[in-house]
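For reference, the structure discussed in these notes is given below.
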Amino acid sequence: MRIEDVYIWDINAKWLGITPYQLMENAGAGVARVIEERFGKGLKIAVFSGTGNNGGDGFVTARHLSFENEVALFLVGDEAKIRSEEARHNWEILKGLDFVEIKVLKDSAYIRSLDLSGFDVIVDALLGAGTKGEPREPIRSAIEKINEYAGEVRIVSVDLPSGYPSKIRVKADFAVTFQWDKEEYEGFERVVVKIGYPRELYHLVGPGDAKFALRKRGEHKGQNGKLLVIGGSEDYFGAPYLASKAASYLVDLVYLAMPEYSAKRISDPDLILRPVEGRDFVPGHVDTLLKLAEKVDAIVIGPGLGLSDETKAFVREFVKHCAKPMVIDADGLKAVAEDLSVLRGKTFVLTPHAGEFRVLFGVGPEGPLAEKAELVMEKAGEIGGTILLKGAYDVISDGKTWKYNKTGNMGMTTGGTGDVLAGLVGALLALGNKPLRAASVGAFLNGLAGDMVKEELGENFTALEMAKKVPHTVKWALEF
Ligand SMILES: NC(=O)C1=CN([C@@H]2O[C@H](COP(=O)(O)OP(=O)(O)OC[C@H]3O[C@@H](n4cnc5c(N)ncnc54)[C@H](O)[C@@H]3O)[C@@H](O)[C@H]2O)[C@H](O)CC1
Ligand SMILES: [K+]
């Protein structure tokens, strides 16, 4: 688990109803418990808090320890800077108490004059996962003051030694960190305490994943992703249009390559049409499209292509020579199913439903979620890419880990919802997301769009209404 996961878990935990207040209470209670287990009670304890949530954990720790210990709480910084609601809430509680001595320290010189020799334990809750760069004043002086007592006073850090990973960090006996050890933490002893997360958070896709996936890269035109959608045939033009329309809300430019015969049916100013001659895609179109592919960040290939041998040969030839991240969907899946070797060395997401999964791998995904996940993970590992298995719960795996998505509803069995999904996954790839996150968040937003449309129109809706809901799903996720 990485620090980024902490923020995704906190947001997804809130989505499940586990509030940041509960997490902070459990974090502070956990630190207090470990301190009393290790050092006993009736102690003189100094808690140093910063103005972030690490400091917030310190406020809770101070309150819990004050029940059977003498506690002094030093806030280092301006209390007006205490940012989060949960940290402020715990600060207000502390200020309302009488047995905890509180000092607000803003002046580095004063901090450097402190005498901490009378304390048995110092709790370091100055900086945590939100640290950026070397510790700045007055936090820096507090770190150096605490370090004067390393070896003679017990020093316990909350989450990580403040200042880490810079060299100017608290010399802690150990850190009490939360829920799991983090990959980035090393060089100091950690004690892990749980703070109330359910195991589902390892796998369930939520607004936390979406927030990280939707961070816009630059604000300049054309930096926020370019996507090429390849689809359509003599009989179908709706599918590639739906994929393109949905994607156009997330990326700057969407090129839509279709046979000219059906391209005539599309007139949407948001899309850049790139018709190719004829009625269906054939191998002769590969070079033209590979040239077009050089201009974009990701590709969706498959919606509405049709299943003629020529078209399937076109798909395999294109995939074999394409160097960009690809979503292979719908008829494109049946084309590559005939020769999976074209996927070797590629970056891709396959988006099969159960039937297409069976065509691809000769086995149907049955049974409970965990069994399906194992199968999807095994097949994704075998083909070296990411698979998004669509279903009541979508299951996504890159062969190393797996995710599942619960958004969506039965109204989405209507045609075209898979095209919207393929467009969203392609757009998220084009925004620079890795395939696992692009596929997971694509499934999440697609289902959310379906849920929002159902809210409005009931269960009879079209995929076009879903595509038009995409901006609302993005807004909801970013504001969550
Ligand atoms: N799920 C969990 O693990 C939980 C963790 N909790 C605690 O939350 C902190 C992370 O809180 P956050 O507010 O994001 O950041 P910090 O408190 O670490 O610091 C931000 C704070 O400090 C200022 N700051 C940042 N860098 C510097 C610097 N180099 N010098 C000086 N000041 C700096 C910044 O301006 C902010 O004011 C995590 O570590 C856990 O302790 C939750 O409480 C419970 C769930
Ligand atoms: K800390």
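Keep in mind that glycine also has a Cβ here, set from the backbone N, Cα and C atoms.
Features of the protein shown, as given by TrEMBL:
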type    : residues                                     : note
BINDING : 53-57, 128-134, D159, A239, G304, H353, D419 : (6S)-NADPHX binding site
BINDING : N54, D124, S162                              : K(+) binding site
BINDING : G418                                         : AMP binding site
DOMAIN  : 6-203                                        : domain 'YjeF N-terminal'
DOMAIN  : 204-477                                      : domain 'YjeF C-terminal'
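Overlay of TrEMBL feature records on the structure.
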residue: N53; record: (6S)-NADPHX binding site; DSSP (3 states): helix
residue: D124; record: K(+) binding site; DSSP (3 states): strand
residue: A129; record: (6S)-NADPHX binding site; DSSP (3 states): coil
residue: D159; record: (6S)-NADPHX binding site; DSSP (3 states): coil
residue: H353; record: (6S)-NADPHX binding site; DSSP (3 states): coil
residue: G418; record: AMP binding site; DSSP (3 states): helix
Contacting binding-site residues for ligand 2, chosen from N54, D124, K132, H353 when the Cβ sits under 6 angstroms of any of its atoms: N54, D124
Shell of the K(+) site beyond N54, D124, S162, same chain only (C-beta within 8 angstroms of their C-beta centre): F48, G50, G55, G58, A125, L126, L127, G128, S157, V158, D159, L160, P161, G163, V170
D124 (K(+) binding site) and G56 ((6S)-NADPHX binding site), distance between Cα atoms, whole Å: 11
Position of peak Cβ density within 10 Å, selected from the binding-site residues G56, G418: G56
When distances run from the Cα of K132 ((6S)-NADPHX binding site) to each of the binding-site residues N54, D124, G418, the nearest one: N54
Binding-site residues compared (N54, D124, K132, S162) - the one with the fewest other Cβ atoms within 10 Å: K132
Neighbour-count leader, CB within 10 A, binding-site residues: A129, D159, H353: D159
Among N53, N54, G56, K132, H353, G418, the binding-site residues whose C-beta sits under 6 Å from ligand 1: N53, N54, G56, K132
Intrachain C-beta neighbours of N53 ((6S)-NADPHX binding site), sequence separation six or more, cut-off 8 angstroms: P20, M24, R83, S84, E86, A87, G128, G130
C-alpha spacing of H353 ((6S)-NADPHX binding site) relative to the residue listed as 'AMP binding site', in angstrom: 9
Using Cα positions only, nearest of the binding-site residues to H353 ((6S)-NADPHX binding site) (N54, D124, S162): N54
Integer Å distance between the CA atoms belonging to D159 ((6S)-NADPHX binding site) and D124 (K(+) binding site): 9
C-alpha spacing of S162 (K(+) binding site) relative to A129 ((6S)-NADPHX binding site), in angstrom: 9
